[in-house]
Amino acid sequence: MKNIRNFSIIAHIDHGKSTLSDRIIQICGGLSDREMEAQVLDSMDLERERGITIKAQSVTLDFKASDGETYQLNFIDTPGHVDFSYEVSRSLAACEGALLVVDAGQGVEAQTLANCYTAMEMDLEVVPVLNKIDLPAADPERVAEEIEDIVGIDATDAVRCSAKTGVGVTDVLERLVRDIPPPQGDPDGPLQALIIDSWFDNYLGVVSLVRIKNGTMRKGDKIKVMSTGQTYNADRLGIFTPKQVDRTELKCGEVGWLVCAIKDILGAPVGDTLTSARNPAEKALPGFKKVKPQVYAGLFPVSSDDYESFRDALGKLSLNDASLFYEPESSSALGFGFRCGFLGLLHMEIIQERLEREYDLDLITTAPTVVYEVETTAKETIYVDSPSKLPPLNNIYELREPIAECHMLLPQAYLGNVITLCIEKRGVQTNMVYHGNQVALTYEIPMAEVVLDFFDRLKSTSRGYASLDYNFKRFQASDMVRVDVLINNERVDALALITHRDNSQSRGRELVEKMKDLIPRQQFDIAIQAAIGTHIIARSTVKQLRKNVLAKCYGGDISRKKKLLQKQKEGKKRMKRIGNVELPQEAFLAILHVGKDNR
């Protein structure tokens, strides 16, 4: 056990985590040069296309150190985006140490801090690594000072490497072996294994990634899931060297995969403890704290026949992504679907793409909303995650919106622009600290504004230099209203949005104008209105298509023309009474862009 090292690689987006993992795999001979490819651990097509890591991946390698000993390295490559920070904290729970990778050109950014603090809270040994020293813009001395100044860990002798060229990566491994402690645990005690991650394989059923904390797990053992009390047979187990390799046992301190022929998706939840059925452990390991979704949206299959397969797909996906929340929902405009909760807009986009790709579904998404806390006049507190569930205005005593605490790190030059943006987003400044050339800003901004497009606009006002990390702080009373959209005097529930009263006029007008461009013209006028309660705040009309009924009157009497026009008018009236309007998918997506164009 003393030769096992478990560690994660954490860093801000694009600081070179996945490339560093590639080099480590190559040096330790996990894959031959022929099988090697860039970002070998990003196995999902979506990850490769976007060049980001979405799922944490684990690998077991052997490394012969300079002291002549051979060490077993179990390491986990983690995502860098704020939306996937839950993946990071789960990966860290399986480790004793973390490599904090910092780009020697960019320096410390917001996620660097957030991930590093997560690791420190779990009492992990953090080893700083300066990456990308082959870049002409690299300034390792300045960045080492920044790490000490902002993060507060000693970085004077931080290892310098370039994951792309492979310079200094061996030094990183030597430092790892020296600084990260071996796993603790009792190899002879009763088995306790923590499920870090699971996914669904069509042939094997549920595959789980486990970290053995105490005891040993052997092939063929009877294994008990502690939360459900169900027992299974350990059919196959092994490690990833990125490839799946079968083993006969997993020893104390190791990380590996396990197949127990569990067909039920809820059979082995992430964060659960496995123990042996013969000699069970007394208590379960502390799991992970459940994360609360920040953004909710309705997902509906385009054709209602897909509802069943959509439900199965969500089940399989939620096994792989424990932060996804869903419950059935029906809408008069869109039929049956699910209300899903996500950690952020990127997460929502990724889930939608994965459902469409991996499970071949066509989906319509409604506008994302955050959760509001509503106190009714009957003094009940309810949580509303969809505008259609908001009680009528006269039943609401107080409506509170979620406030996010946003930590931003940016160069001084962009401070003015960023502050202007935060004020526009109804933000309140709570802290500002200068670190050399960098400024650390803390603002409290309503979550609804953050999830809309705050991140994109922060990046564009600061030319990509600012970085953001946010978390939910509290609920705060505020003057929010629901803007309904009426089409031919009928409310369309899927188009409603909740917004601040100050913005409601402009948002309503903008939404109505957008809808006017998107709804195809019909044989009769379509009135599109935005309303708060019964008060109409904006209207526009999609003009009817009409035939020129006077074309056949050559010259002719005015009363003849009037008669023909009158007859056409009557016909249109009748049509309008029975006609219904089909809304295209783009119309539902229009809400996503409300408030984005008026920059």
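Cβ from N, Cα, C; glycine included.
Record features, source Swiss-Prot:
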DOMAIN    2-184  domain 'tr-type G'
BINDING   D14, H15, G16, K17, S18, T19, N131, K132, I133, D134  GTP binding site
Candidates S18, N131: member of the binding-site residues with the richest Cβ shell (10 Å):
N131
Through the lens of DSSP with three states only, how would you label I133 (GTP binding site)?
coil
For I133 (GTP binding site), what residues in its own chain, 6 or more apart in sequence, show a Cβ-Cβ distance under 8 Å?
A104, P140, R160, C161, S162, V167, G168
Taking the residues D14, H15, G16, K17, S18, T19, N131, K132, I133, D134 listed for GTP, what is the greatest CA to CA distance in Å, to the nearest whole number?
17
Counting every protein chain shown, other Cβ atoms within 10 Å of the Cβ of G16 (GTP binding site) number 24
10 Å Cβ neighbour count around D14 (GTP binding site)?
15
